[in-house]
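Q: Here's the feature list from TrEMBL:
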type     : residues : note
TRANSMEM : 41-64    : transmembrane segment
DOMAIN   : 42-518   : domain 'Major facilitator superfamily (MFS) profile'
TRANSMEM : 136-155  : transmembrane segment
TRANSMEM : 196-214  : transmembrane segment
TRANSMEM : 226-246  : transmembrane segment
TRANSMEM : 266-289  : transmembrane segment
TRANSMEM : 309-327  : transmembrane segment
TRANSMEM : 339-358  : transmembrane segment
TRANSMEM : 364-389  : transmembrane segment
TRANSMEM : 401-424  : transmembrane segment
TRANSMEM : 430-450  : transmembrane segment
REGION   : 486-518  : region 'Disordered'
COMPBIAS : 506-518  : compositional bias 'Low complexity'
Amino acid sequence: MDAEGGSFGLAKSAALKLSEMGERTKKLGSAMKDPHQQKRIILVIVCVALLLDNMLYMVIVPIIPDYLADLENEQSEHVHLVLHPNTSLANSTNEDKINKDNLDIQIGVLFASKAILQLLVNPLTGTFIDRIGYDIPLLIGLSVMFVSTCIFAFAENYATLFVARSLQGLGSAFADTSGFAMIADKYTEEAERSRALGISLAFISFGSLVAPPFGGVLYEFAGKRVPFIVLASICLVDGFLLLTVIKPFSNRTRENMPVGTPIYRLMIDPYIAVVAGALTMANIPLAFLEPTIANWMETTMHSTQWEMGLTWLPAFFPHILGVYITVKLAAKNPHLQWFYGALGMVIIGASSCTVPACKTFGELIAPLCGICFGIALVDTALLPTLAFLVDVRHVSVYGSVYAIADISYSIAYAMGPIVAGQIVHNLGFVQLNLGMGLVNVLYAPALLLLRNVCQMKPSYSERDNLLDEAPQGLYDTIKMEEVRKKKKGYSSGGNCLSVDENGFDSSKAQQSSSSEFT
């Protein structure tokens with residue numbers, strides 16, 4: 001009887017837990033019907049996806065070099081004993097030096113492979129996202145990231161690690177682009193869009209900075225697999241949340257989605273090109289310093305391992321401060337977004353030039369904090385500007401324009417691990433930093449081109465003129481078409497009117513209005 005009573009109690013408690021989970025799911029479902037709660041839940045899902053992507057990008061920094069060195073030593077010792085049992089110590093030392101050079105090349109290629117594949121795939125993912133919406137590509141990205149993280153956990157040779165790293169680039173091309181586009185789509189007001197994108201940038205920064213110590217500690221005490229298994233578990237939870245809350249496969253609205261502007265047309269838009277170039281230039285110092293600054297600190301400052309490991313950690317706080325300040329300033333003066341970006345590039349340039357002058361670890365913290373503060377200004381000001389440019393100059397579909405933003409980042413981080421080391425070897429660390437600083441300062445005036453564009457008002461957009469209620473995101477263009485048909489009997493393929501640099505093309509508007517009444 002006691003056994004039966006115990007089993008009955010366990011079954012009852014399990015049923016209660018299942019009912020509680022059902023109630024929570026129902027609450028999430030009801031929350032998704034409220035537009036305000038829906039936007040919050042979507043922001044959480046996207047921020048977790050961006051956090052995971054950047055943690056996986058940086059978690060290998062303390063793990064892979066040591067792990068590959070161990071693999072290389074095991075292989076070289078075995079080959080040496082079999083083929084050269086009687087070689088001298090001098091020959092052995094020369095072989096070790098060659099092996100170290102080969103290992104550095106392997107690590108550089110492995111680190112860059114993610115950004116290179118992301119760079120190649122992004123033009124296709126942008127078009128794909130524009131065609132089918134944002135939720136399914138985000139789920140694809142999370143799925144690919146989950147698979148790549150599991151491969152990282154159980155990989156035992158360089159080839160498998162390379163495949164895992166490249167797969168992560170494929171997943172990032174889907175997850176990052178669709179995540180930013182989804183935020184821009186749901187948050188249509190400029191102030192709240194800047195705030196939401198600023199929050200996502202804070203998660204990116206947190207993931208990049210917390211991942212190396214997170215990976216290093218778990219690798220040291222629990223082994224190589226544990227950090228990746230933890231990240232894979234979080235990725236699985238985020239994907240499950242996306243499936244249960246947003247339900248991407250049950251959404252039929254995408255069948256009538258508007259046709260977005262092709263990515264090649266967005267690339268030749270001079271305003272979008274200027275923003276994309278600024279994003280690349282601003283992130284080059286960070287991308288080039290990450291693989292080179294540790295060796296420079298070791299040779300010039302004789303820094304300890306913990307100092308090299310914590311180099312970028314203090315920079316997290318000025319990055320968050322930069323995001324916060326830019327969001328507040330953008331809310332008060334949205335027409336000055338170009339100025340905040342230009343100011344950030346000047347700060348990045350000045351900070352980069354002062355890095356080689358530092359003689360101690362304490363002195364080095366200041367310019368690195370300046371670089372991250374400047375990057376926060378640039379990213380937080382210009383990422384919402386891309387969505388704004390699409391709103392007023394093209395169709396309000398954001399997949400391709402944020403694919404361009406992802407391409408901009410990928411260019412910097414694809415070149416960093418490969419090009420930076422060669423520049424330091426051929427020209428020197430000082431010349432590298434001076435060049436990066438000069439490029440940023442010289443590029444900053446190009447953002448003056450955005451001055452007139454940032455003074456446009458969203459009301460110039462045809463979307464806001466035709467919609468009676470507040471726009472709800474990607475599918476508001478469909479609603480706009482319905483309003484056209486009801487009020488004017490107008491039929492179109494879904495494209496918004498084009499606008500000139502002053503905000504509105506009056507000649508085309510007159511032509512379309514005359515055709516409506518004939």
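Glycine too: its Cβ is placed from the backbone N, Cα and C atoms.
Nobody curates TrEMBL annotations by hand; they come from automatic prediction.
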Q: Mind checking which residues reach the transmembrane segment (364-389)? Cβ under 8 Å, same chain, six or more beyond either end.
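A: Cβ under 8 Å, 6 or more out: 180, 184, 190, 193-194, 197-198, 201, 205, 269, 271-272, 275, 278-279, 282-283, 285-286, 289, 297, 301, 311-312, 314-323, 325-327, 330, 337-338, 340-341, 343-348, 350-352, 354-355, 358, 398, 401-402, 404-405, 440, 450, 453-454, 456, 458.
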Q: Taking residues 6+ outside the transmembrane segment (339-358), which of them lie with a CB under 8 Å of any CB in it?
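A: For the transmembrane segment (339-358), the sequence-distant neighbours (Cβ-Cβ under 8 Å, at least 6 residues beyond its ends) are 275, 278, 281-282, 285, 289, 293, 301, 322, 326, 329-330, 364, 366-371, 373-378, 380-382, 385, 429-430, 433-434, 436-441, 443-445, 447-448, 450.
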Q: So which residues does the transmembrane segment (196-214) touch in its own chain, when a touch means Cβ under 8 Å and the partner is 6 or more beyond its ends?
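A: Tertiary neighbours of the transmembrane segment (196-214) are 39, 43, 46-48, 50-59, 61-62, 179-180, 183-184, 186-187, 227, 309-310, 312-313, 315-316, 319-320, 323-324, 326-327, 372, 376, 379-380, 383-384.
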Q: Is the transmembrane segment (266-289) in contact with the transmembrane segment (226-246), using at least 3 Cβ pairs under 8 Å (sequence separation of 6 or more) as the test?
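A: Answer no: the transmembrane segment (226-246) and the transmembrane segment (266-289) share fewer than 3 Cβ pairs below 8 Å.
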Q: Cβ under 8 Å to the transmembrane segment (430-450), counting only same-chain residues 6 or more beyond its ends: which ones?
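A: For the transmembrane segment (430-450), the list is 270-271, 274-275, 277-278, 281-282, 284-285, 288-289, 292, 337-339, 341-343, 345-346, 348-353, 355-356, 374, 385, 420, 423-424.
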Q: Near the transmembrane segment (266-289), which same-chain residues lie under 8 Å Cβ to Cβ, leaving out any that are not at least 6 residues past its ends?
A: 341, 344-345, 348, 351-352, 355, 368, 371-372, 374-375, 378-379, 382-383, 385-386, 389-390, 393-394, 400-401, 404-405, 407-409, 411-413, 415-416, 419-420, 423, 432-433, 436-437, 439-440, 443, 446-447, 449-450, 453
Q: Given the model, what does the mean pLDDT over the domain 'Major facilitator superfamily (MFS) profile' (42-518) come out as?
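A: Across the residues of the domain 'Major facilitator superfamily (MFS) profile' (42-518) the model's pLDDT averages 79 on the 0 to 100 scale.
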